[in-house]
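Asks: Attaching a single structure in structure tokens format; questions to follow.
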Amino acid sequence: MATIRMIDIAVNFTDGMFKGVYNGKQCHVADIPSVLSRAWSAGVDRIIVTGGSLEESREALAIAETDGRLFCTVGVHPTRCKEFEESGDPEKHFQALLSLAKEGVEKGKVVAVGECGLDYDRLHFCPSEIQKKYFEKQFELADAMKLPMFLHMRAAAKDFCDILSRNKERFSAGVAHSFTGSAEDRDKLLSFNDLFIGVNGCSLKTAENLEVVRGIPVERMMIETDSPYCEIKNTHAGINFVKSVWPSKKKEKYDQDCIVKGRNEPCLVRYAEILPSWCLINWIHFLALFPGKSLGWWQAVKVLLT
């Protein structure tokens with residue numbers, strides 16, 4: 001049996017915490033190289049860096065270009081969709097996204113459109129009508145680039161699935177990442193062909209969460225950290241199944257050989273340990289992402305290593 005090789009499908013390397021900045025305060029040096037070193041040693045084989053705005057997507061592409069094992073997304077997060085209208089020219093803003101996506105695809109680095117979707121838990125950042133308008137707009141980007149979609153859904157399953165249904169001919173595949181919904185939400189997502197569900201620490205907080213995730217067919221599941229967020233905390237139900245442990249220190253006592261306490265990292269993409277324990281299944285072995293564009297990153301969950 002081959003060693004498990006994992007793809008972390010969601011890492012926010014553009015976040016200030018990976019630059020050593022917490023709540024506006026510089027606590028330690030930027031440390032993406034150290035974070036990557038731990039990831040590779042833990043068996044992570046590829047990482048997809050998340051873009052959440054036009055500017056973040058540019059930064060995500062620049063980061064992805066620093067290592068052959070890094071890839072990225074281009075898109076606008078639902079809580080940031082006001083940036084289209086605040087730009088003064090929404091269509092020009094969209095064309096800038098399209099141009100960036102084309103550049104990234106030509107470089108072999110952009111593998112999905114996103115992070116886009118709906119987030120009704122944080123309407124104070126962006127009203128639902130603006131979120132819906134520019135979520136739907138980004139299907140144009142997926143259609144033009146023939147890319148899968150990296151999706152976000154929070155407390156918005158009905159509107160989210162309605163928009164997916166209207167646009168199902170405009171995207172080839174996708175993943176609803178960082179899933180925290182109900183069994184009903186899960187089943188709505190699974191009703192779409194070639195739509196996968198991403199699982200991280202936030203998906204495994206409670207016993208109810210575990211039961212919901214248990215109902216996701218393994219061939220429709222992807223693993224992620226969504227770091228630096230969504231760690232598996234000691235209070236989470238999923239912590240009972242974690243086997244691997246990394247030494248950690250507080251950010252004020254930063255040590256490049258330790259993870260920062262409270263900051264999630266790709267080396268902690270250890271759901272491949274947790275899920276077999278209570279799903280009573282053989283966890284899928286993730287195949288390394290091929291450089292060929294035609295294979296697409298979503299195939300990582302379909303192929304077994306031998």
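Heads up, residue numbers simply count up from 1 along the chain you see.
Placement of Cβ uses the backbone N, Cα and C atoms for every residue, glycine included.
The following feature annotations were taken from TrEMBL:
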type: BINDING; residues: GLU115, ASP226; note: divalent metal cation 1 binding site
type: BINDING; residues: HIS152, HIS177; note: divalent metal cation 2 binding site
Asks: Roughly how many Å lie between the Cα atoms of HIS152 (divalent metal cation 2 binding site) and GLU115 (divalent metal cation 1 binding site), rounded to a whole value?
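Replies: On Cα coordinates alone, these residues lie 6 Å apart.
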Asks: Could you measure between ASP226 (divalent metal cation 1 binding site) and HIS177 (divalent metal cation 2 binding site) for me? Cα positions, answer in whole angstrom.
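Replies: If we compare the Cα positions of ASP226 (divalent metal cation 1 binding site) and HIS177 (divalent metal cation 2 binding site), the gap is 9 Å.
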Asks: Roughly how many angstrom lie between the C-alpha atoms of HIS177 (divalent metal cation 2 binding site) and GLU115 (divalent metal cation 1 binding site)?
Replies: 9
Asks: When you tally the Cβ atoms that lie within 10 Å of each candidate's Cβ, which of the binding-site residues (GLU115, ASP226) has the highest tally?
Replies: GLU115
Asks: Provide the number of Cβ atoms within 10 Å of the Cβ of HIS177 (divalent metal cation 2 binding site), excluding the reference atom itself.
Replies: 27
Asks: Run through the Cβ atoms and count how many others sit within 10 Å of the one on HIS152 (divalent metal cation 2 binding site).
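Replies: For HIS152 (divalent metal cation 2 binding site), the count of other Cβ atoms within 10 Å is 25.
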